[in-house]
């Protein structure tokens, strides 16, 4: 209710405040009474360590309230006898509407020095006392279909504090208690919230620095607690931190997590946990869960994916900005000599954008950085840079592409084939922006030399994106590019640091006389040709590309890209001019629309 002057009132309400003889509790009691509530001032009157008892502290506050024209009674019971505390309210005023569990003591000791008594006394007052008072008040509140309950936690409980094992355990326990009370009371308009105050009091005197102690006035927190207890406040299960005239809401969050096995039939190993630990502890995609059902629902989703034999078994974060986009564009031959390439090379260009094939990198780097997508597919085979060849690549752009940000990429093994001389592993990945929007899909086909003859199937399953042979006619257009002798050295700066492309010894081990150009670099050149010829260099028109890497390119060789237009599908092949050999075959780009230059 509110008065004519707009002030929130508590007329007709009965408020029980424990530990109200001083500090925060006193301020709560005075403010409730000032605004019309009838107040039970509970205080045992002991020291801050819980020793002794006295009626004086509660009596002084009751006198203050009465002298100001308010109504109040004192209660001297220990909060452990919560039923007696609430009985005082019922006998004096016939109801209880508000309960502020504020009473507390300190018995600070280090972990090793904390005695059984130190532990029990602190937990009895803070946690058990709050439970007993709440348990006694709850039936009255449910019957009258109204109640407001406050639990008092602490930053020490949330973050920990040296020498307070008993106190911090109790204060964190109060958050759990409040969560359940909030759930049980909701249907009867009995709401429960947590206050996390930092204020000067008998308990903190001598602990906090003087300058901080003097500014942490309990009076500045009282209005926050009072509002949480007003009938107009509908918060339930909230944790509110307040100090020095400031307040904020706290809540717990949970990261996206990581799946620790490929399927329900696979074990969880210590080594696998170690390998994905950075994903387990990654909080970049953390979110708040409002109920235990949400947490259980997420686990059910994970189990369903495991039941299907997959899921987001591997995850990786991919960060990029204009620098990475420009480095990539230079790596696939974009040049300032071509005015239309400036949109890919200058971050202040009005049309600055990413070349779409840049977004093969999140899936590729996920595969390279973890090495688990391939090795778990062939657990009995050696998989390393010396025996893997990139066979095919599919890239699909699902939504508008940003020019900077962080992408979370989920990858899994999709198919494994036995080709005799080696194995073919198909991996799928999806990349999401920070809001959870799906931007990119990648499908990569890798040939592992010498890993075949394991008795597997030879043909792909449905869902492996097929190639499409070029039409049997003359190309509609041809574009030619000359690569630099440093092309591979430049392209590898975008993240594909397979030594095969720069180290002569590694190239020899893989069966090449000299380091070869990355297949994905050749792909980038080829897609640039498609965009230039059929999309007016507009990357927004690009939808998807599929290619097979059918031969090596030596840096410095010339690439000829032959193009066939069939509606919005552009078939192409890429040939090394010096040798006449195809290096990309069965390839096509799908455009959203075409702006042909034939």
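Each Cβ is built from the backbone N, Cα and C atoms, and glycine gets one as well.
Database features, via Swiss-Prot:
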REGION    1-309  region '(3R)-hydroxyacyl-CoA dehydrogenase'
BINDING   16-40, 43, 78-79, 102, 167-171, 199-202  NAD(+) binding site
BINDING   154  substrate binding site
ACT_SITE  167  active site, proton acceptor
REGION    310-598  region 'Enoyl-CoA hydratase 2'
BINDING   390, 391, 419, 496, 497, 498, 499, 500, 501, 519, 549  (3R)-3-hydroxydecanoyl-CoA binding site
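Known features from Swiss-Prot, placed on the structure.
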residue	record	contacts (Cβ under 8 Å, 6+ apart)
26	NAD(+) binding site	20, 61, 218
31	NAD(+) binding site	222, 223, 226
36	NAD(+) binding site	9, 10, 11, 12, 13
43	NAD(+) binding site	18, 19, 20, 21, 22, 25, 57, 58, 61, 74, 75, 76, 103
167	active site, proton acceptor	106, 107, 108, 122, 126, 154, 156, 157, 161
390	(3R)-3-hydroxydecanoyl-CoA binding site	444, 445, 446, 447, 519, 520, 549
497	(3R)-3-hydroxydecanoyl-CoA binding site	368
501	(3R)-3-hydroxydecanoyl-CoA binding site	488, 491, 492, 507, 515, 516, 517, 518
Segment confidence, the region 'Enoyl-CoA hydratase 2' (310-598), expressed as mean pLDDT: 90
Between residue 16 (NAD(+) binding site) and residue 499 ((3R)-3-hydroxydecanoyl-CoA binding site), the C-alpha gap once rounded to whole angstrom: 73
Chain-internal residues, separated by at least six, CB under 8 A from residue 168 (NAD(+) binding site): 154, 156, 157, 160, 161
For residue 419 ((3R)-3-hydroxydecanoyl-CoA binding site), the number of other Cβ atoms found within 10 Å of its own Cβ: 15
Residue among binding-site residues 21, 499 with least C-beta crowding, 10 angstrom cut-off: 499
Cα-Cα distance, maximum over 390, 391, 419, 496, 497, 498, 499, 500, 501, 519, 549, record's (3R)-3-hydroxydecanoyl-CoA binders, Å: 27
Number of Cβ atoms other than its own within 10 Å, given for residue 154 (substrate binding site): 25
Entry from the binding-site residues list 16, 549 having the most other CB atoms no farther than 10 A: 16
